[in-house]
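Peer 1: If you look up TrEMBL, you'll see 126-153 marked as coiled coil. Summarising the annotation, TrEMBL assigns compositional bias 'Basic and acidic residues' to 290-304. Residues or ranges marked as region 'Disordered' in TrEMBL: 275-304. The feature transmembrane segment is assigned by TrEMBL to 158-183, 195-216, 243-266.
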Amino acid sequence: MSLNAVLDVLIKHHLNPENFNKREVVEATASMFCILVDNYVTKAAEETFYNLPYKDISTLVFIDQSIEIKSDTFDGFITTVKDEIINLYSSSNLSISQEHVIACYEKLASHIELALIQKKFMLDSAREANRVANIAQKQAEFAKKQAKKAKDMSNGMVTNFVTILGVFATIIITVFGGINIVGSTVKLLEGNNKLVYLVFVISFLMICLLTLVKLLMTWISSIKARDEDSDDIKEPSKKKMDFYSKSIICFFIAVIASAICIACTYKDQDIKNQTDENKSNNQNGIPFMNKEKSGKDEKSFIKD
């Protein structure tokens, strides 16, 4: 087994609190440390240095999925392993003094404990950051809903304002249109007293007025319809003929009928004028023919 594999197993024994009370685990941990300690303790100029692989130890602790270890439990396991190292020291043939071996193990255990504390701190920080992120997300969603609500309220106010303006515009156009129709009717009665002309003009003006009012009301309805929820599915209802359609049909029929009557009236007038002209021409032609005949009789009498 390589030294890295031995170190891996040694660190895992320190991270599994369920095996801290097992005798075989304690003995295996002490034996593995006695194998590795010669590589970690060096002497130079009568000074002792402990060259522990701190980076590898921290990496092994961080990637391990072990549960949280209580400090008292971990300290008890370290004490038990130290006692076992002392028992194994005489049979291990180590070139390092027992004091330095125990000191090296204490440094190893301290670094493992420090890595565990750092790991716990990072996990707690990550959980707190996640909690804060969730709170921030909820607040952002709430703010988004409030912004949407404010936007809908603003759109509703604008729509209501435009609707009110449209209603007033419709009323004004209807009133002035009615006044215009009355004025046109009065002028028509002053110039021509025929009922056919009156029906034709009134029907045509009413068609124009109703169409304009219908356009305004349709525009207002379309503005109101945009604010409603388009996702609501409504059952299709049978379309019925509204007041506008009935009125337009009636006035259109009146326009056509009056136009036909006007055309027939003009035709009768033309026929009457033609007849009067023919009669006038006939009356002017009879004296001329009588005068010509009397002249011929005089000539024949003189000749005789």
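Placement of Cβ uses the backbone N, Cα and C atoms for every residue, glycine included.
Buried or exposed, and what's around them? Tell me for each listed feature.
Peer 2: Across the residues of the coiled coil (126-153), the predicted structure has a mean pLDDT of 91.
Within the same chain, residues 166, 169-170, 173-174, 177-178, 180-181, 184-185, 188-189, 244, 247-248, 251-252, 254-255, 257-259, 261-262, 265 sit at least 6 positions outside the transmembrane segment (195-216) and bring their C-beta atoms closer than 8 Å to a C-beta of that stretch.
If you look at the transmembrane segment (243-266), the same-chain residues 6 or more away from its ends with a CB under 8 A from one of its CBs are 194, 196-197, 199-200, 203-204, 206-207, 210-211, 214.
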